[in-house]
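Swiss-Prot lists 339 with the feature active site, proton acceptor, giving sequence analysis as the kind of evidence. The ATP binding site annotation in Swiss-Prot covers 220, 221, 222, 223, 224, 225, 226, 227, 228, 243. Sequence annotations record features per position, and here Swiss-Prot assigns compositional bias 'Basic and acidic residues' to 11-28. Feature annotation from Swiss-Prot assigns compositional bias 'Low complexity' to 40-64, 90-108. Among the features that Swiss-Prot reports, compositional bias 'Polar residues' is placed at 594-609. If you look up Swiss-Prot, you'll see 214-470 marked as domain 'Protein kinase'. For 1-202, 487-511, 590-609, the entry in Swiss-Prot reads region 'Disordered'.
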């Protein structure tokens, strides 16, 4: 047995007793950081011990012929290829400094095995198997010094405090006891998650197991780009319109459709207006790109004109006002639709207008103009056809004027010419489309303002909303009475002058059978919430009890004070009705039988019969 066997055993026990902290500090100091020479003030530290003398001073471990102070160098750390790669980038030509921890010929195998066992219990940073790196960026400190594990830590190591920080936390502020999440596997181009997804907010989102909540229904028609189907949401029960485009990689037409549809998605995702169709989401599959939009069951203006003929002027006024409201919103966001026409304007059952088909729409900045030739030829503005100096929001105003002519005549302007001839007529001639004679002067003036060839003198959408043609119009879905208009007797036409009756709801007894109730009483405006509430009705005015002429001279009961109309006195004046010039007659159904025995003690009601 060698003479130093006992002393070495004591060293090994002492080394095991020091545990994790001393070995970890030596590994870090020997592998990466070169400690400065020992000073007398550090004499009491573990690095002054004889076991660590070889690794305490700079490059002292290279001297294999050193005497009694020569320590046993630690073995080379079991670095993964990734960590070695990072070390090579940092150390460069100084990688020889790591030979301090290399196996020396002066150390025995037992010492090495014990040191490896001690280091395996205490070190976490270097004893890591090679794992795929996540695509996240690595901080310079993490890349140059250590490679953090990407797999969860063992429970026995969860209580070990990091020695790099005095607070026991990592560089990112998290505690060292937290588990590190596993890296996500790289997504292949053919994986289902890369193909099946839904797009909401500008990016395609993966739906769970490729299952879509929207179910495709019947075919509705073909649009500019693809087909349109009816859709149903299986979770919310909401209807939608599904616009589909075939995804064909080697087809130029399919690529153009996808490009335009993606442009429409990006634009509609940023818009929110009652006169613009609402965007719900989109989904990309292996064969199609589906866009889910608000379903407007009434169809387009073009379809209504085809089915029912040209519109009357009140309908044109109502639709034009709503179209301008949507255009004013778009132009306020520096967006040009570029394809305003009847086929791209939808109408719901209540007469509400929705602008649709934004595949041609374009966002315009203050330093750019549009030069591309896009839109339908019959509705194109002259500056679009000429494409000389570019064009701006005024092109939508010209198209609006053409759409008004379309609604008034059931055909687009310049329809007597073919497509190329119409384009030539718009671009080179000084003529304007013919305006029908049956329209009012305000309507004609409105159309002439929209169809001015000089785009700089065309009014804006906000200015056109103040035109007399639209200023005094109201929605078709609502009554023509203002919100604060109280109920009055109806004399055949609507008048804003109040009647002279003390109680507006009171009717004369001579014309009740010939004259209906006021429209405001029978069907109040939906905008007046208080008028929707049912009013109390006296039995004499009930429609179930009109058996004789006695009940044709009655009046409505006064409203309850809480249901009074604006500007109407809710008081109930009995003296007013006592002065009525007529008498209420008897009712055989309400009065008791005249054959009842009459006695002095009979009730007063029986004695009066």
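Every residue gets a Cβ built from N, Cα and C, even glycine.
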Exercise. Identify, among the recorded positions 220, 222, 226, 228, 339, the residue whose Cβ has the fewest other Cβ atoms within 10 Å in this structure.
Key: 222
Self-check item: Assigned conformation of the residue listed as 'active site, proton acceptor' - DSSP reduced to three states
Solution: coil
Quiz item: What's the CA-CA gap between residue 228 (ATP binding site) and the residue listed as 'active site, proton acceptor' in angstrom, rounded?
Solution: 18
Quiz prompt | Residue pair residue 339 (active site, proton acceptor), residue 222 (ATP binding site) - Cα distance, angstrom, rounded | solution = 16
Practice problem: Calculate the per-residue pLDDT averaged over the domain 'Protein kinase' (214-470) and state the result as an integer. | Solution: 85
Practice problem: In three-state terms from DSSP, label residue 226 (ATP binding site) for me. | Solution: coil
